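Have a look at the structure below, then the notes.
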Amino acid sequence: MSISSSSLLLLFSVSICCFVVTSKGDFNTDTKITWGDGRAKITEGGKALTLSIDKKLGSGFQSKKDYLFARFDVEMKLIPGNAAGLVTTFYLSSLEGSHDEVDMEFLGNVTGEPYTLHTNIYAQGEGHRERGFHLWFDPSAKFHQYSIVWNPERIIFMVDNKAVRVHENLANLGVPFPAKQPMWLIASLWNGDQWATQKGRIKANWTDAPYTAHYRNLVITKYAGNNQTLTNLDEKNIRSVQDKFMIYDYCDYGVHPLECEKQNSQANEKPKNSNSGPAPKN
Ligand SMILES: *[C@@H]1O[C@H](CO)[C@@H](O)[C@H](O)[C@H]1NC(C)=O
Ligand SMILES: *[C@@H]1O[C@H](CO)[C@@H](O)[C@H](O)[C@H]1NC(C)=O
Ligand SMILES: *[C@@H]1O[C@H](CO)[C@@H](O)[C@H](O)[C@H]1NC(C)=O
């Protein structure tokens, strides 16, 4: 093949591989408020959205469209101070059918104690894939970016554009993976004080309600054949975050032995301590 035709081919394939439809980051165009009786508001002409909660009710929004593989980025600033019992979410769900779901849930805490970022994946109705993290910053002090990357090969959870968890598609080994039906992007602020904070011991305190969580710069990038791979840097980051900040891991409970074995051997060199329970806090 001559140089010019191969570079032409390269150019051609690059333009095919990288043509993606990216939303403009407009909550008016891409989302609709689904509940909350006026407690959810789109602001700044569509660039931002706030969810509020009081004793009576929380609020939520979801994408107007559903997606079969996409990358979802949003910036969030969580409720400051005492947010015990309050759960702020950003997740994907099939809503119906055989249930698929990919969760990022921020579990509030009392003033001065850390939020927990709770992640989970359901595939065809099967869940119990929880991993929880404390963050290395105060997520209520300013905006940080949170992302869910979902493509046919893997799901990647990211914080400030750094991978913190990856879930590989191991369907070829019989492990269910959400790949058969589209999902909606959903976000909500709700009262989870039966279980969320310090295992439900600490309830929401409504004295200073309403409480508000902020979302902005939503970007939905539809999948266009460009599976996002993990770089060495991503793998290093995942190991480091899981070593220092992970507070529980479903793999320690032995619920999904096959995938845990695989994912650990792929991404994790930390010694396996068989009866350690939740990973120690830093
Ligand atoms: C709240 O703070 C406690 C004490 O630091 C911690 O164990 C827990 O993981 C934090 N998060 C939640 C949601 O309870
Ligand atoms: C609830 O919050 C108020 C105001 O911050 C505080 O005075 C009160 O002690 C709190 N109640 C509980 C049960 O912690
Ligand atoms: C993305 O992953 C799917 C499923 O494994 C595969 O069929 C496809 O060829 C991959 N695309 C690229 C560009 O690697």
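The backbone N, Cα and C atoms fix where each Cβ goes, glycine too.
Under a cutoff of 8 A between CB atoms, and with a sequence separation of 6+ in the same chain, the neighbours of Glu101 (active site, nucleophile) are Tyr91, Leu92, Ser93, Ser94, Asn120, Ile121, Tyr122, Gly127, Pro178, Met183. Taken from TrEMBL, the feature active site, nucleophile covers Glu101.
Residues or ranges marked as active site, proton donor by TrEMBL: Glu105. A strand conformation is recorded for Glu105 (active site, proton donor) in the three-state DSSP classification. Long-range neighbours of Glu105 (active site, proton donor) (same chain, six or more residues apart, CB within less than 8 Å of its CB): Val87, Thr88, Thr89, Tyr91, Leu117, His118, Thr119, Asn120.
Among the features that TrEMBL reports, compositional bias 'Polar residues' is placed at 263-282.
Feature annotation from TrEMBL assigns domain 'GH16' to 1-215. Over the domain 'GH16' (1-215) the predicted model carries a mean pLDDT of 91.
For Asn109, the entry in TrEMBL reads N-linked glycosylation site.
If you look up TrEMBL, you'll see 262-282 marked as region 'Disordered'.
Residues or ranges marked as signal peptide by TrEMBL: 1-25.
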Next item on the list: Filter the recorded positions Glu101, Glu105, Asn109 down to those with CB closer than 6 A to an atom of ligand 1; keep them in sequence order.
Entry: Asn109
Item checked: Neighbouring C-beta atoms (10 Å sphere around the C-beta of Asn109 (N-linked glycosylation site)) -> 21
